[in-house]
Amino acid sequence: MAPALRWLLLWVGSGMLPAQGTHLGIRLPLRSGLAGPPLGLRLPRETDEEPEEPGRRGSFVEMVDNLRGKSGQGYYVEMTVGSPPQTLNILVDTGSSNFAVGAAPHPFLHRYYQRQLSSTYRDLRKSVYVPYTQGKWEGELGTDLVSIPHGPNVTVRANIAAITESDKFFINGSNWEGILGLAYAEIARPDDSLEPFFDSLVKQTHIPNIFSLQLCGAGFPLNQTEALASVGGSMIIGGIDHSLYTGSLWYTPIRREWYYEVIIVRVEINGQDLKMDCKEYNYDKSIVDSGTTNLRLPKKVFEAAVKSIKAASSTEKFPDGFWLGEQLVCWQAGTTPWNIFPVISLYLMGEVTNQSFRITILPQQYLRPVEDVATSQDDCYKFAVSQSSTGTVMGAVIMEGFYVVFDRARKRIGFAVSACHVHDEFRTAAVEGPFVTADMEDCGYNIPQTDESTLMTIAYVMAAICALFMLPLCLMVCQWRCLRCLRHQHDDFADDISLLK
């Protein structure tokens, strides 16, 4: 999750110019097509959207536009912790489950949580350690009173990890001092007995078990003042705000309640199917994660997708480093040729048997604008699709095109076109369906698990085999040592004789 400053090459027109950019990321911690009718077949639908329960949908004026951040550095919400309240900016992360805040001085923090100043802090006398792919943090667990000023008007007692040491976790200039993990208890650290913040919120206040995110990053101009270069968005706690999206909400089941795991059944580049076994798209999982910047794909899928994107955008040549996220490409301000880049379509399992829907992602999402480059006369971008060793991650650049509903009560995630997404006059982001898709359950990757009783049986058998081999070996060793002792006595005597000579 930490930034790694690098010297990057900027591609301008037909030449290459050196420039300094910022290689930013938020964290740290995928075979033939499906059988069945063609996915292009649209089915009739009686209604665009099923009715919502009272209180789950409506206007949440006080929560609209309560997120801030910077492109590539995450979205944060203002929270207060302790008594008297200490105000902190907290990164919104649907890919983890710990509520953790900086609790010691750090070069990248302007402020931090001071437990000794809170009369309501309770020490749990337990430590916690969280490693990421790049970076880590460790701290001490406790509980305190927490509220969200631009959220529901409630205060809850929640578990807090006070970060005392970290490495490559906090981001210089990001303006956030902690992380709010909104996923499930199964992936909480140190173990699943630690109740996550959102679980505590629902349990103590009876707020509906649902939240929704509108991330508007790409819609904010860059290469201007720091204030204007900020990104924004909304986190709606307890329901759905219909003013934040257009069209219909389409839902995909949450496959397993740990990360927000979903099932991708098909991937297209400009309408062309990658024609891979759908298990490859979900190897070893597919998750929706606001705490990761990029769309991350398993190795085979990434290679196939990049090959197709290269072919579709072949009217211009880009350095290999661009496709690896190591170099930027630049055009004169206002002349970015969006039309040469293809759209990416992800088909997600629907709620109805044998039906799926697709979300269409624009190049304005997967080409991430980068600020702080050598010249402000150019618009520069980083390729925000990258390779993953831990499955597909639908990160912030994907979510920025959509209003995403995390309906935990009904174990599903909804997608609709965001009212703030960036597009041109020719194409817009889209959520469409339904499509006929058979055997979608087969697309989910099942991590091999061995029954515990089987493991115990294997352990006993191995122990018995070891004992059978070790017994004669021990006897042989004992016999050898006895013989050696006898020889040793004779050898000592012989040596004495030699010395006497």
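Heads up, the Cβ atoms here are built off N, Cα and C, so glycines get one too.
Record features, source Swiss-Prot:
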SIGNAL    1-21  signal peptide
TOPO_DOM  22-457  topological domain 'Extracellular'
MOD_RES   Lys126  N6-acetyllysine
CARBOHYD  Asn153  N-linked glycosylation site
CARBOHYD  Asn172  N-linked glycosylation site
DISULFID  Cys216-Cys420  disulfide bond
CARBOHYD  Asn223  N-linked glycosylation site
MOD_RES   Lys275  N6-acetyllysine
DISULFID  Cys278-Cys443  disulfide bond
MOD_RES   Lys279  N6-acetyllysine
MOD_RES   Lys285  N6-acetyllysine
MOD_RES   Lys299  N6-acetyllysine
MOD_RES   Lys300  N6-acetyllysine
MOD_RES   Lys307  N6-acetyllysine
DISULFID  Cys330-Cys380  disulfide bond
CARBOHYD  Asn354  N-linked glycosylation site
TRANSMEM  458-478  transmembrane segment
LIPID     Cys474  S-palmitoyl cysteine
LIPID     Cys478  S-palmitoyl cysteine
REGION    479-501  region 'Interaction with RTN3'
LIPID     Cys482  S-palmitoyl cysteine
LIPID     Cys485  S-palmitoyl cysteine
MOTIF     496-500  motif 'DXXLL'
MOD_RES   Ser498  phosphoserine
### Message
Using only C-alpha positions, which one of Asn172, Cys278, Lys300, Lys307, Cys420 is spatially nearest Lys126 (N6-acetyllysine)? These are the recorded positions in the record.
### Response
Asn172
### Query
Could you state the CA-to-CA distance between Lys299 (N6-acetyllysine) and Cys420 (disulfide bond) to the nearest Å?
32
### Distance [Cα-Cα, Å, rounded] between Asn153 (N-linked glycosylation site) and Lys285 (N6-acetyllysine)
36
### Query
Say you check the Cα of Cys216 (disulfide bond) against those of the recorded positions Cys278, Lys285, Lys307; which is nearest?
Lys285
### Task
Look up Lys307 (N6-acetyllysine) in the DSSP assignment and report helix, strand or coil.
helix
### Message
Can you give me the Cα-Cα distance between Cys420 (disulfide bond) and Cys278 (disulfide bond) in Å, rounded to a whole number?
### Response
31
### Query
So of all those recorded positions, Lys275, Lys279, Lys307, Cys330, Cys443, which one's Cα sits nearest to Asn172 (N-linked glycosylation site)?
Cys330
### Inter-residue C-alpha distance, Cys443 (disulfide bond) and Asn354 (N-linked glycosylation site) (nearest angstrom)
12
